[in-house]
Each structure stands twice: as structure tokens, then as C-alpha cells.
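Notes to accompany the following structure.
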Amino acid sequence: MKPRLDWIGAGLFAALLAVAPLFLNAYQVDVLNSIGLYALLALGLNLILGEAGLFNMGHAAFYAMGAYTAAILNTRYQIPILWTLPLSGLVAGAFALAVARPVVHLRGDYLLIVTIGVGEIVRIALVNDVFGITGGANGIFGINRPRVFGYIIRRPEDFFYLIWGCVALTIFLFLRLKRSRFGRALNYLREDATAAEGSGINTDYYKLAVFGLGAAWAGMAGTLFAAKMTIISPESFSFWESVVLFMIVILGGAGSIPGVLLAAFLVVGLPELFREFAGARMLVFGLVMMVMMVVRPQGLWPARGHQGFSLAALARAVGP
Amino acid sequence: MKQKLLALAAAVSLIAGVTVQAADTVKIGLMAPLTGSWASEGQGMKKIVELLAEQQNAKGGVLGKQIEVITEDDGGDPRTASLAAQRLTTKGVAAVVGTYGSSVTEASQAIYDEAKIPQIANGSTAIRLTEKGFKHFFRTAPRDDEQGRMAAQTIGKLGFKKVAILHDSTSYAKGLADESNALLKKKGTEVVFFDALTPGERDYTTILTKLKGANPDVVLFTGYFPEAGLLLRQKKDMNWKVPFIGGDATNNADLVKIAGKEAAEGYYFLSPPQPQDLDTADAKAFLDGYQKKYNELPPSIWAVLAGDGFKVMVAGIAGAKSTDSGKIADYLHKDFKGYSGLSGAISFDAKGDREGEVYRVYKVDGEGKFVLQKL
Amino acid sequence: MSQFFPFPATLNLANLVEEFFQQLTNGLAVGGIYALIALGYTMVYGVLKLINFAHGDLFTYGAYLGLTLLTSLALTDRLGFALGVLVLALMVMGLVAVLGAILERAAYRPLRQSPRLSAVVSALGASIFLQNTLMLIYGARFQVYPENILPATTLNIFGLYLPLMRVLIVLASVLMMVALYLFIQKTKIGTAIRAAAIDQDAARLMGIDVNRVIMLVFLVGPALGGVAGLMVGLYYGQINFTMGWVYGMKAFTAAILGGIGNIPGAMVGGLLLGVIEALGAAYISIAWKDAIAFCVLILILIVRPTGLLGERVADKV
């Protein structure tokens, strides 16, 4: 596809989405909201997993950090929920930096289990009401609705514009990032870390930076989630959430922003579409995931000029 | 191209959940965990509510119309539940029954309230759910503080002095454990152990060994039946004879199957009365019908409470002579007294909580039967 | 608050020592099962560099198939306990092995030349599919093995309570692991597996049928996972369709702890994880048990980046 066609397609898609709430009922709009939240989270994870090639299956931990930061600030100190956005991002990002610092050099699968471990540790800490501020398994409730210029965001349609506005902004920023020096360094890092190191790229710095950035995005998505649900509890940040995000990025095509968006629609939307199957809906979902991956191994919409994690690169990475 | 368009249209109509139905039915929503960890409860809820709807329809339905049950899966998690709730609000249901977990119910409360649909939860015992002043919210499940009071009282009556409390970190079990702990301490009973196991595992000998070291007279386990069954079974393997008391989440026919009859014998638990122990015609008809249709006993008291929720809503619609939410809620708050449900008498206070003393004490006998105790 | 000091008021050294050894044996029994499942992860990883997230569900299938065969064929009634269970175990191993091979054929082989995380997602999809298939076939309620199949003998050694079955579980696990180890190290087929694990292309050039090796790995690993499922069903009695997630995750952790791709590593990792959990629960806090285990894992990986027995290769040196 020519670049110009790309832009026309993106514009059409955005226009279609922008008017969608006019034609859809509350439930359908709320499904789109859910998709938007996951898209936001997956775009952040895509930086870590897709652009830099760091296996992270504990993204829910950073999401939780942000959501809890926002909820605690809002319910204890009455700070308007949207004002907590930067701080939630900061807390989640700082936490990610602290955790990643000693482990970021680990080989792929070892990093994978460490991030799973971090996710579980965070969840267990939340369940056990760590420092007496997380409310244990009950979670935190009574979070205020967000307010923009005096208008209270309450209905699904209101949240739709808030969430998808954030998604649009994120796409804009991440596209710029991708084309920047930083983005090129990340891709170099993913394709061949040794060569990258050799050509003067400080790999540890870039790995940590991207980890922090992706986590900060998850933290901010957490704020939106807290604002939307008005109640958060540890079960919303289970290992399963991390798995879902991981699937979105890989299914879409690692490193591909349109791919991640498409996959968010499928991974979050399909179980809703399959509601007609009642008890069998997750079975059908699992089967569809498998088939899609087998049919399009590079992802549904692979990034252009992008080798992905080819087996050859892999053999170089892990081989003796 | 035409085919693609057709496929697209089909997909859109699927997600829109196009429902072309006759307008002369009364729709009642059921929100239940049909998939996920609590699928067994959710599927039990569905079976019971569908059976009761059949029975009610055979009697002429309500307001002269047939009842149609619309079930949505909440997956046992808050986010899916909020979507399930949104979906039910778009389907024109007059009332909603469900759901099981407290935080799952909580995620849906505001949605139903804003849509002005009466909701009646069946398994959600967290105190705060009825403290928020939602006019349309009811529950057939008793509250944690009620059960905590009953647990402390029962332990006192049975004469135990040193109590170990074990929960499983779920909001229900933790709430009950905290309530009981506070009340027991106030009464001067010594609590020698307080900790949580991880639900979903198989081997709890480590915890039992540690519990044994604390040397309690009785263990109060506030979690669910799968873990309770395993604890009893592994306790017997250890030759440890300490009695166990459990909460209503252990009132499940599978408890004895998991523990084995020998290990389950002597186990106490608290629960609203089971339909088997009520001699009302309704309860009998329900039990007979259930066994005939599904060839098993109702899986748990929570599923039965969903059945009660359905019956209450039908009675509410009939009593209010309308499907208007305000009228139903008013009727249930004020004029709905002395109703005999599948789990005993049901009426509601101003908050939507169940009135009166609901809990009974049960003990498992040598045959694995749950026997109502008189203390 | 959790109790950080679990000791009884009367400090009795003999009691403390006894409790410690009791907890140690508790941990070993749990760890034996982890190790058996971990072998499946590690073998597949060794050859394909794939984390087979559906492996935990194959374990669950072992438990369910075992239950069905046990109740429908009444093997233990006809053949007696020991022989009956042995025949049952072989049947379960066979069936789950076939299932593993089908899984490989359907979900992984088409992806062998693809980005390897694609196979991970395919594995996750397979896991969801397998789990929900079981739910639809057997229902969501817990399934329970019939009572009194197993002899309920409890050994009492130096005051430690050791149910005979726990001892048998650990013995059976260790026996199978040793057999596998010898198979890999001493036989010709084992050598082929090792060769394929080191370099598939070179192995192919040496005349090894790599596809058959991979198929074999997907027969042996699931067979061991399946028999672990049967053991859990027989001993703990209660099974349900989601149990593979919990055990699978633990076993994967164990495999990483020992050094993934390394067979003795999986054994050591499994047993060690069981013991860490038991001692963490006993002496620190039950509620934080899993968090403690993960903390230990992370610390070990910081010191030894490729696990306890893993090859010491850093990231692309």
C-alpha cells in the first residue's frame, strides 16, 4: 500500500470511529471503550515487546500501579482523577525502572518469567493490603467521575471520546517516537543487540528507558480505567490481563501500530461477539486465536521492513 | 464483495444482538459467571433460574405474560461484568438477577441504577454494596457482618476457647474472617492463628502443619468449598482431630465428595436453610423439578439464592402490577413481607438487605448429609 | 496481619525440629509434581525454544482421562491396586502423548519457521481451547475421584507423618525423571534429541530426522505431564478444568529456576520450588507464599542469569 493510501485509510477509520457512538447503543459503545483501553495498554507494551524486543508478560503490574495511585490520590486526598494522570504514569514508570534495573539484561525467556513474577508479586501485595492503603481484595471504591471543564464524564459515550482521544494522541506521539533517533536505536537493539552495542548504542540505557516509558503509559491507562470503573480491585490486574496484552501485540504484528489496534479489536471484541455461544464462547475464542496465528504467523498486520523475531535471529540470540 | 458485505452484516447483527421477539413477554436478565473460575456457580444459577421460569410460565407467567430469561456471562471479573450489564440494559429487561462475586456485582451496580433496572444479587455478601443508597438494589444473600456475628455466636455456644481463623484473601472470605475475628476478640475468645491460603491449589498440608502448631480448639475456615474439602481430607490423613467450622461458601454438595465421607463427618458450617429443610410446597416443587430436569441436587446455596432472586422479582412485578422499576422497588421495600422463598422467609429493609436472622448451623453426618442443628 | 512468628508459646526444640522436617517433606511432595510437569516444558523448550503454555492443560487432561478410565473400566477392582494403577497410568500416558502430538501438529508445526512468539500466542490460544473443551465435556463443577482406591496408610517415622501415597508420589516422580535422564543421555534416540536441541540444521545434516525428534519430544513431555495429572487426581481427589493454569505456571517457574532446557535442572527446580513454598509459608507468611517464591526466583536469576543448572550464556556475548 502506498503511504498516501495509508493516510486516507487511517483518516476514514478515525472519522468512522468518531461518529460511531451516534449509531451504537450503550453496550456497544462500552465494548469500544474496553477496546480503547486495551489498545492504549497494548501500544505501551508494543514499545517494550514489539519495538525493543523485551519479553514482558507482567504489564498488568504497571497498569495496576497507575490505577491504584490514581484511586488512592482521589479517594484519600480528593485530587481530581484526571489530574492524577501524570503522577500515575510517573509512579508506574519509576516502579518499572526500579524493577527492571537488575533484570533487564536477562535472556528473553528468563525476563519473561521475571516479569510474570513481578506481576504476581504486585497482585499478591494488593490482595494482602500492603501498607494498609490498597483495600485488600475489596479494592478501592468510590472513585470520582472525571470532570472536564465542569462537565462530568459519566455515560459510555463520554468515556468513548476521552479514551479514544487518548489513543489518538498516543498513536501520534508513538509514530513520532518510532521515526526518531530513539526509535531507530530500539529497532537496532531488537535486531542485533551486540551489533548495536558495538556501534556505540548504550543498550542498557535504551532498554531501561523503553521499559519505563511503556510502563508509564500503562500507568496512565490505569488512571482512565479507575475513572471509568469507579471501583478497582486486584482481580482486574491478574496474570490473565498481562497475557491478553501480550497476545494483542504479537497477534497484531510486533512493532506495528495499526496491527496492535486491529488485534485489540479482535482480542477484546471477539469474546463479546461470541456471547451468542454462551458457555462455549471462550472455546471458540481460543480456537480463533490459534487459527489466526497459524494463518498469519507474522501477525495480522506486520510492521513494514521489519524482520520480527525470525528464527534465524533467534538462533543467533540463543544459540551457543 | 457481496459475500463480504453479507458476512459483515451478519457480524454486526451478532454484536448488536438483534433480538426480534414478540413484545408481549416480560424479560428478566440473569447475570452469572458462565465461564472462568466460578463457572460452576454461574451454570448452577442458570439452571435454577431457567427451571423456575419454566415453572412460572406453566402457571401463566406474570401480569398475564410469559417470562423470558436473558442470560449474560460476567466471566467472574469486574470488567466483563460491566459489559454484561451494559448489554442487559439495552435488551429491555424489567429486572436483573445476579451476580455471584461482590466486586463483580459492584462493577454493575451503578450501570443498572442509572438505567433504572432493579437488581437482586445472589452471592454478594460484602457489606458496602447496600450502603451506597441505591434504591433499586436488593440481595437475597445475607451480609458478611450477619454471618460473622453468627460464626462468633456459634463458636461460643459450642464452647471453644482457642480459635484459628483461616481465609483465602477473597473479599468475601477476608470480610467474614475480619468480622469474626473482631467479635471473637471482643468476647474474650483467644484467636491463635489468622492467615490466608491461596485458593485453587491442591496441597494444603503446609498450612495444616502450621495450624496444628498453633494448637487451636477449632478452626474457622471462611473460604470456599473446594479448599474446605481438601483441608478436611488432608487433615484426616494427618490424623489431626480438630473440628472445623465453615461459612456458607462451603455449603455445596461437592464438599463431601471432595473430602470423602469419613473426613467430612463432624464438619460444621453456617448457611441459610436449604430447600431440602423447608417444608413449603414451593420448595418441594422446586427440588422435585430440579432433580427431574437435571438429575442432580442443586449445586450450592448461592445458586438457590439466585432462584430466590428470580422469585422475588417475579413477585415484585406481580405485586406492583407493573414492570416500572420505581414501583417494583417501592413494593419490595414496603409491601413485600412474609414471602416464603427457597431459603426461608424473605423480606427487605430500607437498604435492600434481607431482614431477619437467616443463618442456621449445619453439621455433616456419617452419611455425608447436611443436618440442621439446634443450638 | 499475617503471623510472622508462628512458633507456639512454649518453645520446644524437638517440636520445632519435627515441624521443620514435616514442612520439608510437605514441600518435596508438592515439588515432585511440579518437577514432573516442568520436564515437559523444559524438553520442548530445549528442542524448539518454545514455551508451551498449553502444557499445563495437557496435565489437566491426564487427570480427567484418568478419572474417566478409572470409573468406566474399574481397573483397580479387576486387577488390584498396584497393577490397576500401573495399567491406568500407562493408558493415560499413551492418550495424553497422542494429544500432545496432535497439538504439535496443529498449533506449532505450521509456525516453526515463524517468529517464535507467534507460537507462544498459538500455545495460549490452544490452552484456552483445551480448557474450555474440558469444561463443556465434563461441566464446570469439580470432578472427584472415587474414594478409597488408594491405601490410606500413614507411615510414622521419627514422629513425622508420612502418608504412604506421598512417599510413593515422590518415588514415582524421581523414578520417571531418572529414567528420562538415562534415556536422553544413554540411548541413540536420546543423543538425536540432544543434537537437535543444540543445532537443528547440523542435526539434519547428520541424518537426524528432526521432525521425528520433535514429535517424540511432544510424546514424552505430555505423557509425563499426563501422568502427573493422574497422580494429582488419585491423591488429592479433586480436579477441575482450570487447575492446569496454576500447576503449569508453577512448573514453568520451576523449569526456569533450574535452567530451562536442562533436564536435571527441571528436577532440581521443581523440588526446590516446592520446598521454598513450604518453608516460606511455614516461617514467613502463608498469604505471601507465592510472592516469596517469585522473589527467591528473581534473586537467583540476578545471581545466575540462566537458572541454577542452565548453560552460562549471557545475552548474545
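Residue 1 is the first one shown; counting continues down the chain.
Each Cβ is built from the backbone N, Cα and C atoms, and glycine gets one as well.
What you see is a predicted model, and the numbers here were worked out from it, not measured in a lab.
What TrEMBL lists as transmembrane segment is C:20-46 (among others).
Below 8 angstroms of C-beta separation, residues 37, 40, 84-85, 87-88, 91-93, 95-96, 99-100, 103, 130-131, 134, 138, 143, 145-146, 149, 222, 225-230, 232-234, 239, 241-244, 247-248, 251 of the same chain, each at least six residues beyond the ends of the transmembrane segment (C:58-75), sit close to that stretch. If you look up TrEMBL, you'll see C:58-75 (among others) marked as transmembrane segment.
For the transmembrane segment (C:81-103), the residues of the chain that approach it from at least six positions outside its boundaries are 54, 58, 61-62, 65-66, 69-70, 75, 126, 149-151, 215, 218-227, 229-230, 234, judged by C-beta separation under 8 angstroms. As annotated by TrEMBL, transmembrane segment applies to C:81-103 (among others).
The transmembrane segment feature in TrEMBL is assigned to C:115-140 (among others). Here the transmembrane segment (C:115-140) has Cβ contacts under 8 Å with residues 48-54, 56-58, 60-61, 64, 103, 106-108, 240-242, 244-245, 248 of the same chain, all six or more residues outside its ends.
Annotation source TrEMBL lists transmembrane segment at C:160-184 (among others).
Away from its own ends, the transmembrane segment (C:213-236) comes close to residues 33, 36-37, 39-41, 43-44, 46-48, 52, 55-56, 58-67, 85, 88-89, 92-101, 103-104, 109, 145, 149-150, 165-166, 169, 172-173, 176, 180, 189, 192-193, 196, 203, 243, 247 of its chain (Cβ-Cβ under 8 Å, at least six residues beyond either end). Residues annotated as transmembrane segment in TrEMBL: C:213-236 (among others).
Residues 23-24, 26-39, 41-43, 45-46, 174, 177, 180-181, 184, 197, 250, 289-290, 292-293, 296-297, 300-301, 306-311 of the same chain, all 6+ positions outside the transmembrane segment (C:256-279), place their C-beta atoms under 8 angstroms from a C-beta of that stretch. Taken from TrEMBL, the feature transmembrane segment applies to C:256-279 (among others).
Among residues of the same chain six or more beyond the transmembrane segment (C:291-310), those with a C-beta under 8 A of the stretch's C-beta atoms are 253, 256-262, 264-265, 268-269, 272-273, 276-277, 280, 284-285. Sequence annotations record features per position, and here TrEMBL assigns transmembrane segment to C:291-310 (among others).
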Distal contacts, the transmembrane segment (C:160-184) - CB-CB under 8 A, six or more residues away:
18, 21-22, 25, 28-29, 32-33, 35-36, 39, 150-154, 190, 193-194, 220, 224, 227-228, 231, 234-235, 263-264, 266-267
